[in-house]
Amino acid sequence: MKLPQKKSLLLVWGMLAAAALLPVLSSNDYYLGLGINLSQYVLMATAWAVFSGPTRYVSLASVAFYGIGAYAVAVVGDALPLPVVFLIAVAAGSLLALLVGLATLRLSGTYFVIFTFGLAELVRQLFTWYEVNITKTVGRYIFLEVTPRQIYWELLALLALLFALSWWIQRSRLGLALRVIGEDEMVARHIGIDVTRSKLVLFVVSSAFITLTGAIMAPRWTYIDPAISFNAVISFQVVIMALLGGAGSLFGPVAGAIPLSLLFEFLSARFPNHFSILLGAAFMVIVYFVPNGVAAALSAWWRRRGKAAA
Amino acid sequence: MSNRRQFIIRSAVLGGAAAVMGAPALLHAQAASIKIGYTVSKTGPNAGGATSQITPVYKMWVREVNDAGGIQVGGRRMPLEVIEYDDRSSSEEAVRAYERLATQDKVDFVLAPWSTGINLAIAPTLNKYNYPHLAVAAITDMAPQLVKRWGNIFFVQGGGSMYGEALMDILDVQRKAGLIGSNIAMVSIADGFGVDLSGGARKAAAKHGFKFVYDKSYPVGTQDMSPLINEAKALNPDVFVAFSYPPDTVALTEQARVSSFNPKVFFVGIGTAFPMFLKRFGANVEGIMGVGGTNADDPRFKEFYKKHVELGGAEPDRFTNINIYSSLQILQQAIERAGTLDRAAVIAEIKKGTFDTANGAMKFTDQQWRDLWFTGQWQNGQYYGVAPAGKPGARKVLLPKPAWKPV
Amino acid sequence: MQLIVELLLFGLTLGGLYAMVAMGLTLQYGVARIMHLAYGEWLIAAAFGAYAAFTYWQVNPLITLALSLPVGFAVNWLVYQVLLSPLVRRTQAGPALEVDSLLATFGLLFVVQGVMVVLFGGSYHSYNFAAEAVNIGGALIARNRLIMFGLTVLAGLSIYLFLSRTRAGAAVRAVATAPGNAPLVGIDVRKVSAITFAVGGALVAAGGVLASMFLTFSASMGVIFTMKALIVIIMGGVGNMLGAVVAGLLLGMAETLVARLVDPGLTLAVNYLLFLSVLLWRPAGLFGRPVR
């Protein structure tokens with residue numbers, strides 16, 4: 001089990017480095033835009049799986065954090081240097097995650113799904129209400145001199161950080177605790193693992209990364225409003241990509257996010273009029289013929305090999 | 001990179017072509033069509049507006065141009081070749097789609113997408129590639145600042161607060177004539193559009209000494225308008241104003257009819273000028289006022305209307321569709337005047353020229369067209385512009401609105 | 001006094017709409033265990049059906065309503081048999097079914113929506129039917145909203161009675177509460193699930209026809225109804241018909257009260273707040289029993 005982990009780790013680091021070089025080699029904006037899109041979803045799907053993989057909680061709140069990140073940039077982006085803005089975004093996202101986590105992590109699976117969806121919508125409604133009644137302007141303008149290339153590199157750097165962190169978590173006491181929780185929560189409680197605290201830590205970490213993704217992306221759109229920043233479709237895409245790839249392993253979401261983003265791109269470029277129909281059909285084909293996700297199939301094979309080796 | 005090179009070659013060829021008019025055989029060897037690209041929100045929350053305003057007008061214009069053999073560019077006619085994408089109502093998708101149009105499809109010109117948010121999201125991209133950007137379906141009070149930032153963008157439908165101000169101005173006239181009192185009930189949708197328009201109305205109302213007995217916003221997606229209408233009715237205002245989106249415009253009007261709420265002025269937002277609105281309310285539209293308008297008696301509008309039905313496959317609304325069409329006529333005429341596909345030259349033409357459009361003569365001042373209809377009213381089954389009152393073809397406002405008829 | 005009548009009347013009719021929209025999903029999700037994300041698309045499809053029948057062939061929407069029940073049943077039965085039963089077999093109705101059905105119906109959502117966009121375009125549609133005002137205790141309300149409310153109560157009650165008073169209903173409840181044990185007493189779980197899923201489909205089709213009488217709709221609006229329905233059924237307790245009706249009415253009342261007495265800008269925020277508080281107070285919903 002360790003060997004392929006290490007191998008795939010190397011592979012991923014190599015891919016990241018290669019990806020970082022791309023904009024130097026080609027100045028084509030379209031490929032850069034595609035790269036931004038890919039890394040954004042890889043990042044969010046991986047961050048999502050950091051929490052949802054081990055705990056098996058399906059969270060639909062991703063966009064609440066994503067939107068908060070975007071708003072942090074819109075609100076204080078003009079006044080403060082970008083790193084400080086990012087810190088503020090992370091602080092805001094983590095705080096919300098902490099509150100939500102404390103309140104909800106005792107809910108059972110399905111209810112958690114809908115709760116997080118409701119939460120994202122609630123945040124959106126509250127933002128809208130605040131903007132309409134307090135600031136009296138709903139749209140906000142972001143005029144930061146951030147180039148797409150810079151956004152792309154920021155995303156990749158964050159992704160590298162996320163991989164390093166999740167790799168470290170897996171090897172730490174927390175990771176061990178999480179594996180026990182994932183196997184059987186009752187057992188975990190009995191051997192003295194603080195289940196709620198472990199889940200909470202993961203939820204905050206995961207949410208902080210998603211918040212940062214939103215903050216990094218925001219300068220790309222010039223104009224944001226709550227409908228754009230808190231678009232529930234984003235949450236669904238993240239979940240679907242992570243599940244398709246397999247949320248259980250570190251690189252599973254990568255295996256889901258990349259092919260799906262490319263599929264979205266291909267279909268919308270080639271079949272704009274029948275995009276929905278083809279996308280839906282492709283989706284169903286994947287569900288029927290790649291059960292349990294792309295990476296899950298691979299990692300099952302790895303696990304079998306690992307067990308045989310041991 | 002290769003885009004720019006090809007572009008330079010092409011403009012050089014065309015520039016040469018303009019000079020050497022006597023060599024048509026050689027010209028036909030070159031790429032003979034003009035590539036046009038755009039996105040339209042076929043799905044997602046913007047689809048309702050985008051597919052009734054963008055899709056039919058673009059379709060109609062392309063057919064019209066191609067039926068005529070194409071756009072006249074420096075001595076020859078170049079037909080249009082169209083690339084259309086779906087931005088799924090997402091800013092991010094739209095940015096990528098326009099990047100694709102610019103660098104992969106290498107289109108010569110782009111047409112604008114629908115909604116303020118998406119137009120602003122793609123503006124930096126279009127600016128980078130220097131495409132003329134005629135952002136019709138974008139209403140923002142920031143337009144005067146934005147044009148300083150982007151020299152290639154043109155605004156056609158003004159800023160939100162202008163609509164609120166124009167409405168208050170004509171209401172003031174009516175009040176001075178003794179037709180209405182000072183009490184206004186106002187509701188607005190809780191997004192950029194509603195906030196800008198209601199903000200403008202509030203300021204202008206204070207100037208004219210109007211009083212708001214009710215002033216609330218409601219969230220996007222509200223299904224039931226009965227609490228708003230009934231509360232407004234209980235306060236018995238002379239004027240009811242709603243800055244609303246199409247589904248809410250219908251729901252508010254329907255609820256006002258059911259509740260027998262008959263203020264002297266009944267004004268609703270986007271959607272009032274839609275053919276759907278007339279179909280839904282029939283004779284009851286009489287006297288209803290709304291955002292935007294048109295000079296429906298103008299033969300140019302009638303011709304546009306006919307073509308829109310024939311070539312676009314649907315009835316147009318009485319405001320945005322004709323403005324979108326006019327923006328396409330401006331683009332076409334600017335290309336013809338420039339005599340080249342060089343985008344910088346075309347932008348320069350748009351900035352300085354006066355254009356003959358379905359809206360009459362149109363000219364941009366600081367990249368903004370300010371001579372538009374802000375308020376309209378249904379009169380005898382047709383939707384007419386009533387404000388600004390000084391605009392040629394402006395109808396007189398008919399007040400009070402007749403009481404709702406039973407259906 | 002009139003204010004109270006108005007608040008009650010409008011709150012109840014709006015709540016009735018929410019309840020009607022949610023009833024089908026509580027069957028599909030609670031009994032057949034399918035998290036049906038394409039649910040709202042069927043509602044819109046039925047609305048388009050009623051619209052087309054009314055505007056092109058002058059068919060009374062009440063006739064369409066009667067037709068929508070068997071059509072909705074048949075379509076959803078097919079969906080279950082063709083698309084979902086392979087997943088049910090594969091996962092043996094275990095926890096993986098929830099994820100798989102989520103993914104599969106997410107795909108179905110796009111397909112149905114795409115077909116509607118191709119057929120009807122993306123723009124807004126509405127028509128006029130039974131829109132005349134009815135005076136109830138001084139409050140004026142459109143007849144179509146009353147029809148909706150009446151039929152919602154009727155549908156809710158009859159299904160509730162069916163589930164609680166008949167033998168077949170007991171089988172459905174058995175599948176809902178203990179799908180693992182139901183076969184022990186001779187219940188064909190898959191057949192019961194398929195039929196219940198189809199009944200849910202019939203209900204949502206009827207809901208779509210009813211809603212089309214007064215709502216303005218477009219092909220992209222299905223997801224709004226799916227989400228509303230999800231919130232209602234989770235709040236009421238999954239699989240509980242009474243819970244769906246009560247939660248729907250509660251949300252409708254809350255929205256109306258807040259809109260009239262506090263601020264219409266906060267209606268949806270209050271809705272979500274109410275929903276979240278109920279979940280925190282009773283994690284399995286108002287009428288749900290804690291599971292697992």
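In case you wondered, yes, glycine gets a Cβ from its N, Cα and C as well.
Here is what TrEMBL records for this protein:
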TRANSMEM  C:7-31  transmembrane segment
TRANSMEM  C:37-57  transmembrane segment
TRANSMEM  C:62-83  transmembrane segment
TRANSMEM  C:103-125  transmembrane segment
TRANSMEM  C:146-163  transmembrane segment
TRANSMEM  C:194-217  transmembrane segment
TRANSMEM  C:229-254  transmembrane segment
TRANSMEM  C:266-284  transmembrane segment
**Study point:** In contact by Cβ distance (the transmembrane segment (C:146-163), the transmembrane segment (C:229-254); 3 or more pairs under 8 Å)
**Key:** yes
Check your understanding: For the transmembrane segment (C:194-217), which partner among C:7-31, C:37-57, C:62-83, C:103-125 gives the most CB pairs under 8 Å?
Key -> C:62-83
Study note, to complete from the structure: With the greatest number of Cβ pairs under 8 Å to the transmembrane segment (C:103-125), the stretch among C:7-31, C:37-57, C:62-83, C:146-163, C:266-284 is C:37-57
Practice item. Any chance you could find the range in C:37-57, C:62-83, C:146-163, C:266-284 with the most Cβ pairs under 8 Å to the transmembrane segment (C:7-31)? Key: C:146-163
Check your understanding: Residues sitting near the transmembrane segment (C:62-83): Cβ under 8 Å, six or more positions beyond its termini, same chain?
Key -> 28, 32, 34, 42, 46, 49-50, 53-54, 104, 108, 147, 151, 193-195, 197-206, 208-210
